[in-house]
Amino acid sequence: RQPFPDNYVDHRFLEELRKNVHARQYWYQAVVFQSGAVVQQLCSVCVFVLTWWYMDAGMLSPQGLFGAALVSSLLGYVLFDAVDGGAGRWASGRTRWADLKSTLVFAAFTYGFSPVLKTLTESISTDTIYAMSALMLLGHLIFFDYGANAAIVSSTLSLNMAIFASVCLASRLPRSLHAFVMVTFAMQIFALWPMLQKKLKARTPRCYVGVTVLFALAALAGLATVSSVGAVLFASLLLAISCLCPYCLIRLQLLLKDNIHGPWDEAEIKEDLSRFLM
């Protein structure tokens, strides 16, 4: 028997209480900047779907889209090397001739199989194709690498789902040339464009912010030509992701973050005990 109850706690016990010792502090501007990756990818999906809609409606010719994509790819290729002065290319050891060969092989392969892509889903209903494409694009957004170290991130799976959606949508276009241009454009916007985004984000943050804003405005302008209500809803979504969600994250962290540390924590053995196991 002791002269105090079993649940007795000394008055000095809570003097060693520490809260949020290892908690990560977030700044609003930094969180808004990081949310640009999500905004960019949402706009990429929006631009891709709008491009397909224009081609399906006959408002955009495949020759025009291929020419615009080719010019933008050349400009992006030059900018990709100019951002870091060619240091990344020098480190990887990849030459421009190798890039050209890869591009020609992909273009020739895609063009040769475009008739197959055009007739690949003839036995599947259009509603099913649209549903599959929507699910694949949603999966692309979920598994995309936004820079977070998480188990759900898979760049390969995300890209494959986007290409699968592009093949499904391309199969509903009028001609094989349309399917070829659509799949090529999908590779540019889902595979090449994110690579340039990451380099701009790492090397020139201000340029990255400017490109993100311009890309979002272009996507909203294109969507407004199709549906004004859709443009308003999409603009609200972008503002919520880039402005409201960071505020809510920081606000909730200040109010609810409560990790406590003290003498009741589990003991951590930091000595080398390997000699006792031999």
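Including glycine, each Cβ sits where the backbone N, Cα and C put it.
Keep in mind the model is a prediction, meaning the values are calculated, not measured.
The transmembrane segment annotation in TrEMBL covers 26-54 (among others).
Within the chain, the transmembrane segment (60-80) has long-range Cβ neighbours (under 8 A, six or more residues past its boundaries) at 51, 54, 99, 175, 177-178, 180-182, 184-185, 188, 192-193, 195-196, 199. Sequence annotations record features per position, and here TrEMBL assigns transmembrane segment to 60-80 (among others).
The transmembrane segment annotation in TrEMBL covers 100-117 (among others).
Under the heading transmembrane segment, TrEMBL lists 129-148 (among others).
Per TrEMBL, the feature transmembrane segment maps to 155-173 (among others). Listed as Cβ neighbours of the transmembrane segment (155-173) (distance under 8 Å, sequence separation of 6 or more from its ends, same chain) are residues 48-49, 52, 55-56, 117-122, 126, 129, 132-134, 136-137, 139-145, 179, 182-183, 185-187, 190-191.
The transmembrane segment feature in TrEMBL is assigned to 179-196 (among others). Within its own chain, the transmembrane segment (179-196) is flanked in space by residues 40-41, 44, 47-48, 51-52, 55, 62, 65-66, 69, 72-73, 76, 79-80, 106-107, 110-111, 114, 117-118, 140, 144, 159, 162-163, 165-167, 169-171, 173, which lie at least six positions past its ends and keep a Cβ under 8 Å from the stretch.
Annotation comment: TrEMBL describes 208-226 (among others) as transmembrane segment.
Residues or ranges marked as transmembrane segment by TrEMBL: 232-250 (among others). Listed as Cβ neighbours of the transmembrane segment (232-250) (distance under 8 Å, sequence separation of 6 or more from its ends, same chain) are residues 26-28, 31-32, 35-36, 38-39, 42-43, 46, 216, 219-220, 223.
Residues 167, 170-171, 176-177, 179-180, 183-184, 187 of the same chain lie 6+ residues outside the transmembrane segment (100-117) yet bring a C-beta within less than 8 angstroms of a C-beta in it.
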